[in-house]
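Enquirer: A single structure is presented below for examination.
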Amino acid sequence: MKKERAYPWLLLVLGAILLFAGNQDLLVTDPVESNYAETALEMLRSGDWFSPMIYGHYWYDKPIFYYWELLLSFKLFGVTSFAARLGSALFGLLGIELSYFFVKRLYSAKRAMAASLLLLTSAEYFYIGKAIITDMTLFVFLEMTLMAFYLGYTQKKSSWYYAAYTAAAIGTLVKGPIGLGLPGLIILFFLWWRRDIKALAHMKLVSGGLLYLILTGLWYGPMTVLHGHDFLLNFFGVHNFLRATVSEHPRQNVWYYYFFVFLLGWAPWSFTLPLSGSRREWTLKIRNFCRHAAYQKKLPEVDVRTAFFASWAFVTVFIFELVQTKYMTYTFPYMLPFAVFFSSFLVQHERLVKGLAGGALTVYLILTYMVAIPQCRKASAYDAAQIVRTMIRNDTTVVTYGGRYPVSLTYYSGYVAKRLKWKDEIPELLPGALDWNAKNMMPFASIESLSEDKDILAVVRSGDLQDFETDIDGIWECVHDDGMWMVLRKVVR
C-alpha cells in the first residue's frame, strides 16, 4: 500500500524530468511551431487576446485556447523557448496523472502504474509533450470528456455528464469541432456495441448541450460577429472541412500511414507485442471475433471496460483513416486505450517494464541534448534572424526566397520578410478562397519590383542559391550561411 501511494509522485517526477529537460534550448522550429509562437507573440504585442493574428492580419487556423496558453506563459516567463513549450509539458504531466487515477479506478494501482509509465515513455508522448502544438492539450480534454462520460455511465451520476460536456467544450476551443465530434462518435459506437443506445436519454443531452453551446459560444459567437465570412470560410471551411476532404499532404495519404505511426509512436513498447500471446492464440481470437460479428450480425459481448477502451481506440483510427489529410499527431488521442492494452500483458513482466522504461527515459534525455537541440536549430531560422536584426536599417527591405516561408525568421527578428515570387504567380498564391492558399498569410513581393538602389537583405534557402542567382539581378554578398539559410545583401553602387 505504501508503495502504491508513491506511484503518482514517481510518475510526476519522471514526467517532469522528461518533459522539461532541455526545453529552454529547443528553438522554435518551422513550419508548424513557429506559426503558433508568432501568432501568440503578435497577440501579446497588440494587446488583443481574443482574435488570433499573424503578420498583422487575423488568422483562423486554430481556436483560442492554445493561444491563451502561450500568451499566459509569455506574460509570466517572457518570450522564451521554455515558456513556449511550458503548456505542452504541463498538460503532458496532467495527462499522465489523469491516466493513472482513471486506470487505477477501473483496474488496480499496479496496472495503472504500468499503463501510465508506458504512456509517458512512448516516443510520441515524449515528442508531443515537448512540442509547440495543440495536440497534448487536446489529448487531455478528450481524456477528460471520455473519462467523465464513462464514470457518468457506470455510476449513473449526472454531474459526470456535465463534466464531460464542459471538457468537450474546452476541447472545441482547443482544436475545433473535433473536440466534440471525436468523443461523441466514440460514445455512440460504445453504446451501440453495448446495445444500450437508450442510455442517451439519461445523458442530459438538452441541458448538457446547452452548457456546451454557452461555453463554446463565448468565443465562437463574438468571432463570427467580429469577422463574419472570413472567419467562417477559413476556420470552418479551410481548416476543418477542407482538411477532412482534401489532403494537405498528398504523399502521406496512404492506407498504411497510421500503421507506421503506431509502430514508431509507440516505440519501444510496440516491439513487445509478441509478448501479448502466441501467434496461434491471436489468430483464434481474431477468427472467433469475426465469426461472431458475421453470424450474429453484432459485436460479441465483452466487459464494459474492454468495450469502452476498444471503442476509443477503434473509432479514433477509423475516423482519421477516413480524413484525407494524414498527420502523425492526429491519432494521438488513442494513446491511453493502447497503454491499457499493453499493460494487460506487460504488467506480468515487471523487470522488463522497469528496464525498458528506464532505458527509454535515458535515451530520450540523451536525444534531447545530443540530437533535438541541434536539429531544432537547423529547423529554425534563428541564426539568420540574428543577422537580419543586426544589419537591418530603416530603409532595408527583407525578402525570402526558396523553400517554405520561415515564420521563425519573423518570430526571432521582429521583421516580417516578404516572400519573393514572380508577379504573375502572386495572384495564384493569395488567400481568399476555399483552398490551401489560406495558409499564405505572409506578404509577397514581386521579383520584378525589387529596387536597384535600395538596401535589400535576402534570406535564401541554401539549396536554392543557384535559382536565386538566375532569377534575381544584381550583385549579392553572402553575409551568413548556416547550411540551411543564407543571408545575402545586395551590393548597391
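The backbone N, Cα and C atoms fix where each Cβ goes, and this holds for glycine too.
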Enquirer: May I ask you to indicate which of 61-78, 205-222, 475-492 is given in TrEMBL as transmembrane segment?
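Expert: Of the candidate stretches, TrEMBL labels 205-222 as transmembrane segment.
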Enquirer: Looking at 2-20, 306-324, which stretch does TrEMBL describe as transmembrane segment?
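Expert: Here TrEMBL associates transmembrane segment with the stretch 306-324.
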Enquirer: Are there residues at least 6 beyond the ends of the transmembrane segment (205-222) whose Cβ is under 8 Å from a Cβ of it, and what are they?
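Expert: Apart from its flanks, the transmembrane segment (205-222) reaches 50, 63-64, 161-162, 164-166, 168-170, 172-173, 180.
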Enquirer: Excluding the flanking five residues on each side, which residues at least 6 beyond the ends of the transmembrane segment (162-193) place their CB within less than 8 Å of a CB in that stretch?
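Expert: Result: 62-66, 134, 137-138, 141-142, 144-146, 148-149, 152, 199-200, 204, 207-209, 211-212, 215-216, 219, 235-236, 239-240, 299, 307-308, 311-312, 314-316, 319, 333.
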Enquirer: For the transmembrane segment (306-324), name the stretch out of 82-103, 255-275, 330-348, 355-372 with the most CB-CB pairs under 8 Å.
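Expert: The stretch I would name here is 330-348.
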Enquirer: Using a Cβ distance cut-off of under 8 Å, indicate which of 255-275, 330-348, 355-372 has the most pairs with the transmembrane segment (82-103).
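Expert: Out of the listed stretches, 330-348 contacts the transmembrane segment (82-103) most.
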